[in-house]
Amino acid sequence: MAIHLVIIDALNLIRRVHSAQPNQDDIQAVITTTTRTINKILKETEPTHIIAVFDHHLQDRGWRAEILPQYKEDRKPMPEALQKGMDDIQEAWWKLGIDSLLSDGDEADDLVATLANKVAMHNEQVTIISTDKGYCQLLSPTLRIRDYFQHRWLDAPFVEKEFGLKPEQLADYWGLAGISSSKITGIPGVGPKAALEILTQFPTIEAANESEDLPKKYRKKFDEHYETAILCRQVAGLRTDIELGFNLQDIRYEKGTRD
């Protein structure tokens, strides 16, 4: 039987639903809305296997902050009411047949990437439900990303239109241009336009740095900040080697509600 694994970036979905609620303390409304959303996702995707991946609630920013100490240092904590209601949300999703994977210090992005990559490498279909463009670097013929809220696929044509690059160049792009929302600096003075120019001419940061054809206007910046670009690329990238502790059979989707 063909496999179709659906991975829900749980907090990505929940936070968007929560922020749209008139009463931010009304967790029952969040449960009701996310349950309705999940049912629509199930109908649209028809998964054989499904799991919701949750970030840990702690302020520990993980291995990325060890490389770039400023990484997400100003991120806002989860609203207290939402944090207290997380168990109830997970319970409601469990009744729909969806198990939760809770990270223990790892960012959800890396757990999603590890599971998605592992299954896609066996030529099985994987759909990630998320608005996070960072997952686009994982794209492959059997791995796709669905932005549920914008009703669009974050696929290779989307990456080409949005960035002008191939999915496999995105980590290099962010290594050069940075990601301001996560405090990933990139190379100072190299913004999106310059990063695109460089990566249109060269496939990687290393190739650009090693080439005598790198435009002079960028040579000094590379000489001064090359190592920073490499570190920023690493932080913007996704790990696919996290120990998950379960197998695919454990997350098989069985239609119907659990008691």
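Cβ atoms here come from the backbone N, Cα and C positions, even for glycine.
Long-range Cβ neighbours of Asp109 (Mg(2+) binding site) (same chain, at least 6 residues apart, Cβ-Cβ under 8 Å): Asp9, Asp132, Gly134, Tyr135, Leu238. The feature Mg(2+) binding site is assigned by Swiss-Prot to Asp109.
Per Swiss-Prot, domain '5'-3' exonuclease' is recorded for 165-255.
Residues annotated as K(+) binding site in Swiss-Prot, with sequence analysis given as evidence: Leu176, Ala177, Ile187, Val190. Taking a C-beta cut-off of under 8 Å and a sequence gap of six or more, Ile187 (K(+) binding site) has these contacts in its own chain: Leu176, Gly178, Lys221, Phe222, His225, Tyr226, Thr228, Ala229. In the three-state DSSP scheme, Ile187 (K(+) binding site) falls into the coil class.
Annotation comment: Swiss-Prot describes 189-194 as region 'Interaction with DNA'. The list of residues near the region 'Interaction with DNA' (189-194) in space but at least 6 beyond its ends in sequence, with Cβ under 8 angstroms from a Cβ of it, reads 163, 173, 176-177, 218, 221.
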- For Val190 (K(+) binding site), list the number of other Cβ atoms lying within 10 Å of its Cβ atom. 21
- Query: Near Ala177 (K(+) binding site), which residues of its own chain have a C-beta under 8 A away, given they sit six or more steps off in sequence?
  - Reply: Gly186, Val190, Gly191, Pro192, Ala194, Ala195
